[in-house]
Amino acid sequence: MGYFKGWIYFILWYSSILAGYAGLFCPLFPVLLVSNKLYRYLTDVLFTFWQSYPTVLLEVLCGCDVQILGDPVMANETSLLIMNHRTRTDWNFLWPAVYHCTRGSIKYKYPTKFVLKDIIKHIPGIGWIMQLACFLYIKRNWVYDRKKIDRYINYFCEICYKYSLLIFPEGTDFTETTKENSFVYLAQKLLEKNMLDALYDLTLVYPDTIPQTEKILFNDGKFPQQVKMHFTRYPASVLPKTSDELKAFLEKRCQNMSEKKILEKLSELDRKAVDKFREYLRIPSVHPDVDYEPCVAFLKRYGEDLELPVNVYYVHEKKPTVVFTWAGKELNSKSILLNGHMDVVPVFENKWTHKPFDADIDEHGDIYARGAQDMKSNSVQYLEAIRRLKKDGVVPKRTVYVTFAPDEEIGVLGFREFVKTEDFRKMNVGFCVDEGDPCPRNSYIVYYGEKSCWEFTVHCPGQPGHGSHMPTNTAGEKARVIVDKFSDLRRAELRKLEENANLNVWDVTSVNLTRMRGGVQSNVIPEEFCLTYDVRISPTTNPKKFESMIEDWCKEAGAGVWIEYEEKEEQRPMTRLENNPYWDAMRRVAKDLDVTLEPQVMLGATDSRFVREINIPVLSFSLIRNTPYLPHDHDERVSVDAFLDGIRFMHKLIPAFTDVNE
């Protein structure tokens, strides 16, 4: 049957070409003596109407579904279409593509001209009729073709004729080189003429059968069940006019092609999740002076999409906390809170290989953006897991809240204040999930506590004087004692790690001298040196004893040495793991999905500390594995696969948490 279908298609298609040439185009040839423009108009109307014929043959006779995606081609514009040339049989599917995609009241007067190899013009019937239809034949010899293209463009300019020119690099498969050559051709030969209305980037994809040769189509009758063609329109106003702009334009278009290839492989749900993630990443909610309103607007739309109520609470005029509510069956039971933050840290854009708020996807499937790891990924994973659960018909046993807090990165006027409000108390939270860190290994890191953060400056005053003198009681002598004491402590903590392989960095107290200030010029003994330290106190260290120890060091250093605290936390509460039903539930999910969990104490500080302080248990984790650690770093990124893998884990984890009996 396939054999006959292929040949029937070929005979009906080719006979229509011969009939059109002999019965329509040739009789119209004398019109050329009267008017070039009228002849172009009449032949283009005939050719455009003919395009419906191979469209019907492909879709009805051969059962090939040609899907047109993206932007329509406007019939009243002069435009250039550039497409990938996947196989040598692509031309069979261009007729229905052009037929379906063209929009406008003059659709049937809108001509599309192909750029073809010169040898094709000699094929009886099809080669002849496309010559009369003014298709552009090239020898792929630039010296020859350049003159021909000039004559071709000037001809249409002289008769003031609107048309579309379609270019696709010749060859069996599309490559980066041929694509770039096409864009260079565009910039060099058309944009300088100032006659282009728009450029269309046309991508052709075969989801199932790839027809590599005419034999597969005509002799075997194996037509693809589906052909997808995506049109992206670029108005002439955004097209490059200089070589530097062209370079950036080409790089961005190539990037978009890589993105398309990756995204086309995703399911509808996965594609939607990635789209939402990238939309969120493109909001520059960056310090200092964060404008949170674009985030709030995005999250409200997100709530409408998920059919979840969204409330916005302001603990400060410009510091909103956004709360999603997924109501459970047992409204009086303790709720589950999934917390995240909207703000991100500043960037040094010149250090990034992709713009930090474009959310580009590279050829490896990595999404580059500030906040990709810290921590917009977590928040979207929460919501997309809920989308899947709602689609599955799940109603949680207990209410689930998803919160988006401000100012986590600077620790003020954000979740610290929100947990003190009556609105938070009414949420009746029994357990909280907060952000963690990406893991470079094939596992998820789960934090059950955080080190206490102490940031302080030791002031060492002393006798000032001229640099040629040798006074006693100088600031430098006192500073040396302090530096030695803290350096000795640092070496002792490092030695613990070296001597005990079972210890990790969170088991010891980290000590780092982060800033030294003092002096005005080289020949003046300063009246004070200031030494700033960042110390993260281990869970096993008593903060009061630690404070007493450093006060003794100050006394030993000399008179007047004192400490100015910027941050001085009491020992932070930990979430116990033993006999913890939520930790047990998470371990069961991990076992079912063959995922390794690594329980640790977090080295830094997050909003989870404010929740633990009011005696609510918290497990902090980021569902990103096999990913380099890049929070706050240049080129922060997460792969599409790692992001989606985290959603699948969360899809199982949320019901496991809501089903816990307290």
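We number each residue from 1, going along the chain as drawn.
Note: Cβ is positioned from N, Cα and C throughout, glycine not excepted.
So that you can see what the record holds, here are the features copied from TrEMBL:
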type     : residues         : note
TRANSMEM : 7-33             : transmembrane segment
DOMAIN   : 79-207           : domain 'Phospholipid/glycerol acyltransferase'
BINDING  : H341, D374, E435 : Zn(2+) 1 binding site
ACT_SITE : D343             : active site
BINDING  : D374, E409, H632 : Zn(2+) 2 binding site
ACT_SITE : E408             : active site, proton acceptor
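Listed in sequence order, the residues G340, M375, K376, N378, E408, E409, T606, P631 complete the 8 Å Cβ shell around the Zn(2+) 1 site centroid, once H341, D374, E435 themselves are left out.
The CA atom of the residue listed as 'active site, proton acceptor' is located 6 Å away from the CA atom of H341 (Zn(2+) 1 binding site).
The record gives D374, E409, H632 for Zn(2+) 2. Within 8 Å of the mean position of their Cβ atoms, the other Cβ atoms in that chain belong to V344, V345, G371, M375, P631. Counting other Cβ atoms within 10 Å of each Cβ, the lowest count among the binding-site residues H341, H632 belongs to H632.
Cα proximity to H632 (Zn(2+) 2 binding site) (within 10 Å) is found for none of the recorded positions H341, D343, E435. For D343 (active site), the binding-site residues whose C-alpha atoms fall inside a 10 Å radius of its own C-alpha are D374, E409, out of D374, E409, E435. Per-residue pLDDT, averaged along the domain 'Phospholipid/glycerol acyltransferase' (79-207), amounts to 71 for this model.
Sequence-distant contacts of D374 (Zn(2+) 1 binding site), defined by Cβ-Cβ distance under 8 angstroms and a gap of at least six in the same chain, are V344, V345, E435, P631, H632, E636. In sequence order, H287, H341, D343, V344, V345 constitute the residues six or more apart from E409 (Zn(2+) 2 binding site) in its chain with CB-CB distances below 8 Å.
A sphere of 10 angstroms centred on the C-beta of E408 (active site, proton acceptor) encloses 25 other C-beta atoms.
Taken residue by residue with DSSP, H341 (Zn(2+) 1 binding site) is part of a strand. In the three-state DSSP scheme, E408 (active site, proton acceptor) is classed as coil.
Under DSSP, D374 (Zn(2+) 1 binding site) is assigned to coil, being neither helix nor strand in the three-state scheme.
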